[in-house]
Amino acid sequence: MTDSPEIPYLLRAAKGEILPRPPVWMMRQAGRYMQIYRELRDKYPSFRERSENADLAIEISLQPWRAFQPDGVIMFSDILTPLAGIGIPFDIIESKGPIIDSPIRTQAQVDQLNPLDPDQSLPFIKTILKTLRQEVGNKSTVLGFVGAPWTLAAYAVEGKGSKSYSVIKGMAFSEPSVLHQFLDKLADMIATYVRYQIDCGAQVVQMFDSWAGQLTPQDYDVFALPYQQKVVRLVKETHPDTPLILYISGSAGVLERMGKSGVDIISVDWTVDLAEARQRLGKAMMVQGNIDPGVLFGSQSFIRERIIDTIRKAGNQGHILNLGHGVLVGTPEDNVRFFFETAKQFSYQD
């Protein structure tokens with residue numbers, strides 16, 4: 001039953017099929033906790049090269065697949081990748097994160113942005129996704145991903161990651177029309193990019209609105225939700241059958257609002273009890289998550305307990321097992337292996 005030759009397991013779950021166990025993958029399952037990744041990073045120190053050189057990105061995406069056989073293989077990339085294609089150059093500095101030398105602060109800058117032409121500015125994405133589909137066949141589901149409008153705007157306006165988001169909040173609360181026009185353009189760009197990823201082979205796409213949890217619920221309703229909805233609406237017009245996931249870090253205060261975005265699956269962070277999340281979202285909404293990444297530093301017996309507890313709280317359908325955030329640097333690889341083995345041995349019948 002778990003080896004349907006036509007449709008991979010995670011995709012079956014994402015389309016609502018009732019299965020013997022939840023599918024499992026991890027956010028940031030390719031990355032710095034893996035020694036094989038660190039060796040490749042030492043050889044190719046530029047993050048943009050690792051994520052935009054198709055051969056390197058394919059190799060990195062497949063490292064956790066070869067090691068652990070997760071039910072989902074997500075392409076190795078970054079949420080900022082499409083920005084250069086609309087006229088916002090950026091770099092990603094190891095240990096510092098993204099840097100945008102000319103942050104978007106004025107109406108004139110917003111007016112100068114151009115529409116995204118992925119074939120022209122992101123041709124490596126096609127190679128990455130097509131190759132991943134060929135490599136994993138129907139043994140795993142290939143996931144694409146994008147940033148959501150508010151989060152991409154936060155990076156582009158701040159010029160880097162931020163703890164306070166004072167620059168973009170200053171724009172939101174003093175020049176909202178400039179920010180709304182920017183968010184609208186970003187929503188168009190992201191929808192184009194999601195469609196492109198699906199056309200290139202992505203079977204499920206996750207949208208990260210990582211910084212929307214920094215908004216009050218009333219500001220979320222104005223600056224985040226309408227633009228998430230626009231992305232989803234545009235994608236569903238052309239690709240109605242591709243499941244879409246929404247993830248927000250620190251989402252406890254806006255969980256019900258996430259459910260109004262139009263996505264098929266809500267990825268829940270670890271600060272919310274999953275049984276409570278299902279109650280708040282309604283049984284019809286599928287969920288993903290939501291184990292604390294710190295659990296993977298614990299004993300294997302504790303990891304097993306937490307996996308079983310999380311699956312039981314989620315109920316026996318409409319759940320994809322994942323962490324509530326990305327895998328942390330320094331996580332023991334053996335514990336990641338144990339996590340996947342334990343999750344895949346689980347049965348709702350037991």
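Heads up, the Cβ atoms here are built off N, Cα and C, so glycines get one too.
Per Swiss-Prot, substrate binding site is recorded for Arg28, Gln29, Ala30, Gly31, Arg32, Asp78, Tyr155, Ser210, His325. Look at Swiss-Prot and you will find Asp78 tagged as site 'Transition state stabilizer'.
Around the Cβ of Ala30 (substrate binding site), 24 further Cβ atoms fall within 10 Å across all displayed protein chains.
Between the binding-site residues Arg28, Arg32, His325, His325 has the most other Cβ atoms inside 10 Å of its own Cβ, all protein chains included. In the three-state DSSP assignment, the secondary structure recorded for Tyr155 (substrate binding site) is helix.
Cα of Asp78 (site 'Transition state stabilizer') to Cα of His325 (substrate binding site): a distance of 15 Å.
When Cβ neighbours within 10 Å are tallied across all protein chains shown, the highest count among the recorded positions Asp78, Tyr155 belongs to Tyr155.
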